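A.B. asks: I grabbed these lines from Swiss-Prot:
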- 382-411: GTP binding site (BINDING)
- 243-279: coiled coil (COILED)
- 7-27: transmembrane segment (TRANSMEM)
- 45-65: transmembrane segment (TRANSMEM)
- 82-102: transmembrane segment (TRANSMEM)
- 114-134: transmembrane segment (TRANSMEM)
- 153-173: transmembrane segment (TRANSMEM)
- 297-319: transmembrane segment (TRANSMEM)
- 345-365: transmembrane segment (TRANSMEM)
- 389-409: transmembrane segment (TRANSMEM)
- 437-457: transmembrane segment (TRANSMEM)
Amino acid sequence: MSYGWAIYEGTVVIASLSLLGWAGLWFLNRRLYKEYEEKRALVQIIFSVVFAFSCNLLQLVLFEIIPVLSREARMINWKVDLFCLILLLVFMLPYYHCYLMLRNSGVRRERASVGAFLFLSAFLYAFWRMGVHFPMPSADKGFFTMPQLVSRIGVIGVTLMAVLSGFGAVNLPYSYISLFIREIEEADIISLERQLIQSTETCIAKKKKIILCQLEVERNQGSEENQKRSSFFRRIVGTVVRSVQDDQKEQDIKILEAEVEALEELSKQLFLEVYELRQAKDAAAYSRTWKGHVQNLLGYACSIYCVYKMLKSLQSVVFKEAGTKDPVTTMISIFLRLFDIGVDAALLSQYISLLFIGMLIVISVRGFLTNLMKFFFAVSRVGSGSSSNVVLFLSEIMGMYFLSSILLIRKSLRNEYRGIITDVLGGDIQFDFYHRWFDAIFVASAFLSLVLLSAHYTSRQSDKHAIE
């Protein structure tokens, strides 16, 4: 019986990791790599492995509540997952990322290896020094221990999560509530489209002039060859005249090229403005449908929760409190105290906890992947380097993000579900610090996002579609 159960547990672990790895590979090739030809096999393998181990951490949180695996199997799975993920994040990814950048720059393989090793040494030193400024576990057992490494990764990952959450807490109501949706007239869009067409046609006409000027310069150079057969005096006069004409043509070409560049920039701005107005018009039309009304109500509900979260985070920062239960669990507890419906409060709380943790995990994964796609396309389109370098950087961020989410989700678990997580991560990790740090960065990010979105909304209302 025990042998069969061990086979079952091993099959579940291997199958889940394989499925998650395949999902990461599919996401990379179908959603990120779809516009790029450069596809390194090792980069794809690293991304899929980091994705699998990262999502497996969140899966193990669910396994703590749902008894799919035994305690021993979960403990082994936790340790192996954390060991492999930290090995990738702290050692392998920094080294290989630097090595690949040096190789892409034309550095020889031996020198690239030495340069990557030196970079890894500097990275580890900076990684160690980071712990001086934050509450860290005792270093009696050395630096390369699970609590030490997890604590430092947690600082970076929690900071990233707080920044994204702060922006989302402000941007989500702003995007959903119909109060902030503009009413756009079709005549305004048509007027801008005419400007765009006129700008494009003018740009094309000036490009044709540039080509004609270049052809004329080439003809003058050809006529210079024919003038060599003429008299000496005619050659001198012809040379002077052609020189003046060529200088004038080159000056005209430079002026035309500058005008074309300005017109292309104007056309780009006009196109973006037309696109934004079309989106705003579609959003206004959608807001008048029944789905739009539901989304509007959802926006107000999210606004209430986001305001509550911001106030609780501000309270945690100001009064240095460690935080309380999540609002959903609090509301359920109040409801059970007011209305006796004959339901076991402990049992209902357990199912509510499972549902809430599942929602946290789904929202966390979905939100991260959405921001991952936006960041990838934004960085890749401005030409910051090869797509392989961007994918390696995102792999590093992804692992830190999901590992840090465990430090925060742990507090939402009931005490009986925290045991293995606390033991594996390290009992002397300052878990409350990460919640206070998250709240501080969350409040700062939300406030900054509120200021920026308010300025954007004000400027948009004062001048809806003015383009200089």
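Glycine is treated like the rest: Cβ placed from N, Cα and C.
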A.B. asks: With every protein chain in view, how many other Cβ atoms are within 10 Å of the Cβ of Ile406 (GTP binding site)?
C.D. replies: 21
A.B. asks: Among 114-134, 153-173, 389-409, which stretch has the most Cβ pairs under 8 Å to the transmembrane segment (45-65)?
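C.D. replies: Result: 389-409.
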A.B. asks: Which sequence-distant residues neighbour the coiled coil (243-279)? Criterion: at least 6 residues beyond either end, Cβ under 8 Å.
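C.D. replies: That would be 184, 188-189, 192-193, 195-196, 199-200, 202-203, 206-207, 209-210, 213-214, 216-217, 220, 465, 467.
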A.B. asks: Can you give the mean pLDDT for the coiled coil (243-279), rounded to a whole number?
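C.D. replies: It averages 77.
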